[in-house]
Amino acid sequence: MTSTPRRYHITTFGCQMNKADSERMAGILEDMGFKWSQDPNGADLILYNTCTIRDNAEQKVYSYLGRQAKRKHKNPDLTLVVAGCVAQQEGEKILRRVPELDLVMGPQHANRLEDLLTQVFDGNQVIATEPIHIVEDITKPRRDSTVTAWVNIIYGCNEKCSYCVVPSVRGVEQSRTPEAIYAEMELLAKQGYKEVTLLGQNIDAYGRDLPGVTASGRHKHTLTDLLYQVHDIPGIERLRFATSHPRYFTERLIKACDELPKVCEHFHIPFQSGDNDVLKAMKRGYTHQKYRKIIDKIREYMPDASISADAIVGFPEETEEQFENTLKLVDDIGFDQLNTAAYSPRPGTPAALWEQQLSEEVKSDRLQRLNHLVAQKAAQRSQRYLGRIEEVLVEDQNPKDNSQVMGRTQGNRLTFCKGNIDELKGQLIKVEITEVRAFSLTGEAIVSICNA
Ligand code: SAH
Ligand code: SF4
Ligand code: F3S
């Protein structure tokens, strides 16, 4: 007698860390014999990998959970799992809101999913949120892409930005060893992956928790050293890394990116605010002058480098004038892309307790004004691509136009061109850019060069 395989569905919220964790958890489920179900309502196991960076991210999770909890009343065999940052933040408290849950697990426990589910299938309601040393990743992730892959190099964050929940939900910094990272990347190359993005919440902190110092007294393992170490893995054509912290960003790293051809000239360095007093209240540990110097230095070495960042508007006590300093920084630097957000008070963070919280009206007005400027500047930055020939790594078909393929330039601009995905997937092709928009480009593939 053959039994039908159990089906699972994972919904992922939040950042690239969560996406990478979801891919590893999907790998574990497949190893356990589960099969993917595109339709969540057809799944026997539902996993929400959650984000709590802002209140709206958290609320979204509860509305999804509510719907599945109802389904469980009709179908008691349904297994309901909540993983990720809301799970870590709320722990047992989630059960008061959603008693139907079978498993609540923090991000540090992602690699332990099989073990935790075994306890669930034995009839237990399980909560796994205690801090642990992250088990080295021996799982085979089920990756969404066959072309680009994420590789965690450091988990957690030791910073104390006064608005941010990440350190409390992701725990202290834990770097993976260069050997483990190298081995994972070698395997990815063998599987045909062309691009790897190294991941960390504060990637510049890589290695400071690993043993060993050099003769000059610096940590033996740094992000810069790691880039040199993994650069020559045959088959991997492009390297990216995120997220950089201005406090720790070094000229040594800039030089390495300039020197190493596979490292894409794209830097994601959140500045959060363009005002020194706000930066101080945020406990970011740098001034806007220092931030500008970093960007100047990058552009000195790599004049065409793409720069992206994150910024928050409406931080407690932020005055109109201070907000205008953020606008000024954005205007002066000209980001290729900027993720913007209105400040959201988060439980357990110092800034949430400050008295002078700004009204939602002020926050959303500032957000709109900033977004308007961001789109304007991004459109200007896109202009430089017009008529140029760009190297594009083809990732997929354009879902809106099947005659087109899409991929990214080195600088991370989404680019479309006519082409057959079956032939071009995973290929680096040359594209002559004929149309530019604020955040994407269109062009024509140059076949003669691509076959050369
Ligand atoms: N480690 C990265 C990013 C962490 S979270 C860094 O240090 O920059 C991603 C982004 O979410 C942050 O860069 C910040 O812009 C935003 N963010 C974090 N906490 C927030 C909050 N309480 N309200 C609004 N935005 C927030
Ligand atoms: Fe949060 Fe700051 Fe850590 Fe980034 S560096 S994750 S903003 S605490
Ligand atoms: Fe969200 Fe957790 Fe990432 S709070 S942004 S999923 S680290």
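Backbone N, Cα and C atoms are what each Cβ position is placed from, and that goes for glycine too.
Taken straight from TrEMBL:
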{"type": "BINDING", "residues": "Cys15, Cys51, Cys85", "note": "[4Fe-4S] cluster 1 binding site"}
{"type": "BINDING", "residues": "Cys157, Cys161, Cys164", "note": "[4Fe-4S] cluster 2 binding site"}
{"type": "DOMAIN", "residues": "6-122", "note": "domain 'MTTase N-terminal'"}
{"type": "DOMAIN", "residues": "143-381", "note": "domain 'Radical SAM core'"}
{"type": "DOMAIN", "residues": "383-447", "note": "domain 'TRAM'"}
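Feature annotations (TrEMBL) mapped to structure.
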residue	record	DSSP (3 states)
Cys15	[4Fe-4S] cluster 1 binding site	coil
Cys51	[4Fe-4S] cluster 1 binding site	coil
Cys85	[4Fe-4S] cluster 1 binding site	helix
Cys157	[4Fe-4S] cluster 2 binding site	coil
Cys164	[4Fe-4S] cluster 2 binding site	coil
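Neighbour counts of Cβ atoms within 10 Å were compared for the binding-site residues Cys85, Cys157, and the top value is held by Cys85. For ligand 3, the binding-site residues lying close by, meaning a CB under 6 A from one of its atoms, are Cys15, Cys51, Cys85; the full candidate list was Cys15, Cys51, Cys85, Cys157, Cys161, Cys164. The residues near the [4Fe-4S] cluster 2 site, meaning same-chain residues not in Cys157, Cys161, Cys164 whose C-beta sits within 8 angstroms of the mean position of the site's C-beta atoms, are Glu159, Lys160, Tyr163, Val165, Val166, Pro167, Gln201, Asn202, in sequence order. Proximity of the binding-site residues (Cys51, Cys85, Cys164) to ligand 1: a Cβ under 6 Å from the molecule is found for Cys164.
Taking the Cα atom of each, Cys157 ([4Fe-4S] cluster 2 binding site) and Cys85 ([4Fe-4S] cluster 1 binding site) are about 13 angstrom apart. Just so you know, of the binding-site residues Cys15, Cys51, Cys161, Cys164, the Cβ with the fewest other Cβ atoms around it within 10 Å is the one at Cys15. Residues from the binding-site residues list (Cys15, Cys51, Cys85) with a C-beta closer than 6 Å to any atom of ligand 2: none. Distance between Cα atoms for Cys161 ([4Fe-4S] cluster 2 binding site) and Cys15 ([4Fe-4S] cluster 1 binding site): 17 Å, as a whole number. For Cys164 ([4Fe-4S] cluster 2 binding site) paired with Cys85 ([4Fe-4S] cluster 1 binding site), the C-alpha to C-alpha distance reads 12 Å.
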